[in-house]
Amino acid sequence: VDFNVPIKEGKVKNTTRIQGAIPTLKKILEQNPKNVTLMSHMGRPDGKRVEKDSLKIVVPKLEELLGTKVNFVNDCVGSEALEASNAGNGQINLLENLRFHIQEEGKGLDANGAKIKADKESVKKFRKELSSLGDIYVNDAFGTAHRAHSSMVGIDHKIRVAGYLMKKELDYFAKALETPQRPFLVILGGAKVADKIQLIKSMLDKVDEMIIGGGMAFTFLKKYIMFPIGKSLFDEEGYKIVDEIIAKAKEKNVKIHLPTDFVCGTGLDASSPVALHDLKSGIPDGWLGLDAGQLTQRENADAIGRAKTIVWNGPQGAFEIEQFKNGSVSMLNALVKQTQNGATTIVGGGDTVNLVGANKANDKLSH
């Protein structure tokens, strides 16, 4: 399941993802299973235990929505998890955050913040332990289904099925992507080009226009026009494939939109000073682009206003911080307006879904 929900002041802020899993869970419980064990991510603890990312906080809301008790297990592997998986009477177990183990993603950070990788043998052992916790694998975590994580690709069961939420999401996306109303616009954000290379390539075969914003835009700007990006996010791996993406966009006659002005700060926190920079000035050393400026916001709104089908994956900036949220919020407002004008608007990706929920716009978009 995908219980990677936004938390504020020790409480679940938005229950959409938990609610989404309930139909599948209720259907499973109707079959009188010996027990049900739930796995999920929470936050980005980078392969180590971080208490603020514990899934324990989800239990009260899950119990309320299911109308039954949920047993929280303090680790996703080990003796406690194995013991819980052998319980009877239809017991529901929620395992602790999979991402507390480096073997889930295959990489993480050590205590000093240095990048580390999990060795193959430990990943193999981790996957075997997860597999031992059940007989049938149900994937209802659409938001993480694209990731090659152990819980997604490493569960060794003969019976592996999609849950109701997964099916609903896939059916909706298939219809929208196979027979879209045109013009068709895709909006991409997030940090790394390399993480979304397959998505970018496949969308270039389908769309008429593409907005590239957020952190990944700086990799494009540095490569494409040698723009000075200061200490903005830069994806070295993605840098190598920018030319290929731009060439394919030209071949397919897809118009690419990149930001033209930026709200910048010296750090990713609320105490950071704020400065405005554009393509002429560049971003100075020591500063990083953290949001789209007003000109970019207007250009994005114009592109959204032309589109009849819009897919949005990735915010335009560090929207969690007050002074860097306007680019993402203005984009959301433009999508809400275009939905009212009859466009089909689809939002995906954890951060973007959280942004929509935080601005109480879940029911103002198509999906």
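Positions of Cβ are set from backbone N, Cα and C atoms, glycine also.
Quick look at what Swiss-Prot lists:
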- Val1, Asp2, Phe3, Asn4, Arg17, Ser40, His41, Gly43, Arg44, Leu98, Arg99, His146, Arg147: (2R)-3-phosphoglycerate binding site (BINDING)
- Gly190, Gly214, Phe319: ADP binding site (BINDING)
- Gly190, Asp195, Gly214, Gly314, Phe319: CDP binding site (BINDING)
- Ala191, Lys192, Lys196, Gly215, Gly289, Glu320: AMP binding site (BINDING)
- Ala191, Lys196, Gly215, Gly289, Glu320, Asp351, Thr352: ATP binding site (BINDING)
- Ala191, Ala194, Asp195, Asp351: Mg(2+) binding site (BINDING)
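Neighbours of Phe319 (ADP binding site), defined as other CB atoms within 10 A of its CB across all chains, total 25.
Summary: among the binding-site residues (Arg17, His41, Arg44, Arg99, Lys196), the fewest other C-beta atoms within 10 A of the C-beta are counted at Arg44. Between the CA atoms of Asp195 (CDP binding site) and Arg17 ((2R)-3-phosphoglycerate binding site) there is a gap of 23 Å, rounded to the nearest whole number.
Sequence-distant neighbours of Phe3 ((2R)-3-phosphoglycerate binding site) (same chain, six or more apart, CB under 8 Å from its CB) are Arg17, Ile18, Ala21, Leu38, Ser40, His41, Met42, Leu55, Val58, Leu62, Leu94, listed in sequence order. The CA atom of Asp351 (ATP binding site) is located 7 Å away from the CA atom of Gly314 (CDP binding site). On the backbone, the CA of Gly314 (CDP binding site) and the CA of Gly190 (ADP binding site) stand 5 Å apart.
Neighbours of Gly190 (ADP binding site), defined as other CB atoms within 10 A of its CB across all chains, total 24.
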